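Peer 1: Before we start, here is the structure in question, set down as structure tokens.
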Amino acid sequence: VMASMAHLQKEKLLEELLGLQEKLAARENDELSLSLQLQGQVETLKEKVLEQAQEISRLRSELGGTDAEKHRDLLAAENERLRQEMKACEGELLELRRQQQAPCRDCSHLQENARLQEQLSQLQREAEETRAKLVELDLEVQQKTNRLAEVELRLKDSLAERAEEEERLSRRLRDSQETIASLKSQPQQIKYIIKTVEVESAKAKQALCETQSRNQYLQEQVGMQRQVLKEMEQQLQSSQKTEAQLRAQIMLYEAELERAHGQMLEEMQAMEEEKNRAIEEAFSRAQVEMKAVHENLAGVRTNLLTLQPALRTLTHDYNSLKRQVRDFPLLLQETLRSARAEISQAIEEVHSTNRELLRKYRRELQLRKKCHNELVRLKGNIRVFGRVRPITKEDGDGPEATNAVTFDTDDDAVLHLLHKGKQVSFELDKVFPPQASQEEVFQEVQALVTSCIDGYNVCIFAYGQTGAGKTYTMEGTAANPGINQRALQLLFSEVRGKAADWDYAITVSAAEIYNESLRDLLGKEPQEKLEIKLCPDGSGQLYVPGLTEFRVQSVEDINKVFEFGHVKRVTECTNLNEHSSRSHALLIITVRGLDRSTGLRTTGKLNLVDLAGSERVGRSGAEGSRLREAQHINKSLSALGDVIYALRSRQGHVPFRNSKLTYLLQDSLSGDSKTLMMVQVSPAEKNTSETLCSLKFAERVRSVELGPVSRKAELASWPSQEQLEGDLPGSAATPGRGHTSHSSGQLSSRSASIRRKLQTSG
């Protein structure tokens with residue numbers, strides 16, 4: 001039997017050994033396949049790096065700077081993904097190494113050991129919970145003991161206070177009794193005194209009265225002391241009752257405390273016994289289980305000794321893979337460094353190319369603008385300039401006074417308006433920002449002004465809402481004059497430059513359209529209404545009979561004419577503008593020239609118009625006569641819009657006669673004049689609606705084609721000096737187109753009176 005048993009044990013051990021060898025062979029095969037797989041992944045990573053390098057070289061020759069930057073980002077993302085795959089491979093190697101160090105993780109004895117350790121930890125947690133409960137009970141007993149001590153202290157304090165109160169009451173009682181006794185002994189003496197004093201004098205009677213009053217006062221004091229004594233006795237009785245209640249309550253507290261203390265001691269003893277019993281049981285079970293664990297660990301050690309050669313082989317393979325992985329980042333960094341250098345160089349080349357293209361674009365933009373201006377001149381389009389006034393204190397503060405107009409840095413003919421959260425762009429012939437000076441504005445229009453000397457008709461009119469700066473642009477101030485005065489100064493300068501060959505005469509007329517009535521600002525009767533009529537010479541042009549012309553020969557004459565006309569122009573204060581123009585002002589400058597060598601005569605006319613501003617009656621607060629003025633202004637501006645619409649749409653009939661303003665501007669808008677409109681806008685947020693309307697109207701005006709402009713020149717025979725003096729107006733106003741039709745004597749007297757007025761006002 002023993003031999004058979006030994007034989008069976010040997011066979012069993014052989015079977016177990018064969019099973020372990022098979023497991024070891026299978027694990028070695030798995031590890032070999034895993035190492036081969038990792039080597040394949042490393043080879044794949046190398047191939048990908050080579051592909052990335054080839055891709056970089058290809059992109060270097062094919063792509064520009066922007067595409068190279070995009071591909072550089074793609075390469076960085078691809079490198080990050082490869083780095084993550086490498087980290088995953090290292091994690092798999094570490095996991096394989098841990099599996100080699102712990103091959104028997106799934107053995108039954110390890111599971112049993114874990115189960116026993118879990119039970120031991122559970123018993124330890126239960127013991128900790130028991131200890132926590134004991135600590136809580138100790139704290140509760142300590143708190144109750146402290147409360148009992150506090151109650152005893154309060155009771156002692158109350159007893160001491162009660163004893164002091166009784167002592168004090170007893171002292172007061174004794175004092176009261178002594179007082180009563182002394183008072184009882186006094187009345188006999190007082191009676192005796194009363195009897196003895198009856199036969200004495202008036203002083204004795206007075207003393208007797210005082211003694212009686214004192215006796216009454218003392219009796220009242222005795223009554224009060226008796227009342228106080230009764231109250232004190234009542235307080236003493238209530239204090240004794242309270243003391244008895246407190247003593248009974250203290251006895252109840254002591255009994256409850258003793259009962260709670262006994263219960264706590266019993267619970268603590270039972271818990272201590274239970275804790276000791278649980279610890280002994282857990283310790284005995286842990287000893288038994290630890291013995292089994294040690295036996296299992298001995299078998300595990302023997303198995304580990306057989307797996308050490310395989311572990312060394314895997315370690316060698318892992319080290320070789322680690323070296324390969326360590327060299328890969330250096331290669332990748334070198335490749336990325338070279339790629340970055342090449343990409344940076346390509347980006348710099350693209351930037352230089354962009355700068356050159358931008359320079360060429362700006363040069364082409366200037367050429368395009370020059371060609372466009374020439375095309376506009378040939379077609380006869382109305383040129384439109386825009387000027388934005390700065391924010392002023394009249395605009396107020398807050399969000400309504402913010403700037404809603406921006407400008408294009410590359411194109412000085414474009415501005416942008418932010419209206420109701422949307423940006424609207426407008427393209428004009430020229431846009432002046434708020435910081436533009438009067439000199440800069442005039443430099444853009446002086447070419448038109450000088451063409452007047454050559455015999456062309458020129459019209460410059462300012463359009464915009466009230467308070468947008470039209471009068472400032474046209475008239476300016478004494479220190480900073482506007483287009484009107486600068487135009488006349490330029491004309492005088494040009495005339496002086498041509499004085500060797502030409503004789504020129506410059507005359508000035510000033511009129512205003514107020515409430516659809518045309519009035520002469522330089523005449524004796526400015527309230528006299530004038531009419532617009534066709535020239536009798538059959539030319540089809542218009543003139544104003546009775547309109548005073550005044551010849552100017554110097555800057556001083558200009559200042560006097562402007563001052564005289566400005567005084568008579570109608571301006572009033574509204575909610576939108578402190579000095580609001582209530583009429584359309586028209587300054588007519590006529591330049592007549594004669595070439596002494598050829599006899600060529602030229603006649604040029606320059607109309608400078610300051611239109612009254614459109615306004616909303618609700619915002620301007622106009623009432624009475626101001627309201628009637630605003631209605632006439634808006635009506636005439638509406639008629640101007642109808643004329644522009646008819647010209648733009650090339651209608652057969654243009655309604656020039658719907659308003660005195662459009663009828664007076666018929667020559668300037670009908671194709672025989674160089675016309676420029678200066679649209680004035682406000683940048684304030686609260687005025688964006690009016691600004692939008694003004695800019696839209698400016699775009700419509702810009703698209704109007706008036707046709708080529710003709711020069712007013714004729715060749716005449718050589719004149720005598722007397723004829724020249726007769727043809728060129730002198731200081732007196734002369735009849736004819738744009739003049740009064742009176743006799744020469746009347747004209748001379750009127751001109752002399754005007755000159756006297758100007759000298760007086762000067």
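Cβ from N, Cα, C; glycine included.
Pulled these from TrEMBL:
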type     : residues                                                       : note
BINDING  : Gly464, Gln465, Thr466, Gly467, Ala468, Gly469, Lys470, Thr471 : ATP binding site
COILED   : 10-186                                                         : coiled coil
COILED   : 229-285                                                        : coiled coil
COMPBIAS : 741-752                                                        : compositional bias 'Polar residues'
COMPBIAS : 753-762                                                        : compositional bias 'Basic residues'
DOMAIN   : 381-704                                                        : domain 'Kinesin motor'
REGION   : 716-762                                                        : region 'Disordered'
Peer 1: Average pLDDT across the domain 'Kinesin motor' (381-704)?
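Peer 2: A mean pLDDT of 84 is what the model gives the domain 'Kinesin motor' (381-704).
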Peer 1: Near Gly464 (ATP binding site), how many other Cβ atoms are within 10 Å of its Cβ?
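Peer 2: Other Cβ atoms within 10 Å of Gly464 (ATP binding site): 28.
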Peer 1: For the binding-site residues listed here (Gly467, Gly469), which one has the lowest count of neighbouring CB atoms within 10 Å of its own CB?
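Peer 2: Each of the binding-site residues Gly467, Gly469 was scored; lowest Cβ tally within 10 Å is Gly469.
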Peer 1: Have a look around Thr466 (ATP binding site) and count the other CB atoms within 10 A of its CB, chains all included.
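Peer 2: Total other Cβ atoms inside 10 Å, all chains included: 24.
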Peer 1: So how many other Cβ atoms are close to Lys470 (ATP binding site), meaning within 10 Å of its Cβ?
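Peer 2: Summing over all protein chains shown, Lys470 (ATP binding site) has 27 other Cβ atoms within 10 Å.
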Peer 1: Ala468 (ATP binding site) has how many other Cβ neighbours within 10 Å of its own Cβ?
Peer 2: 27
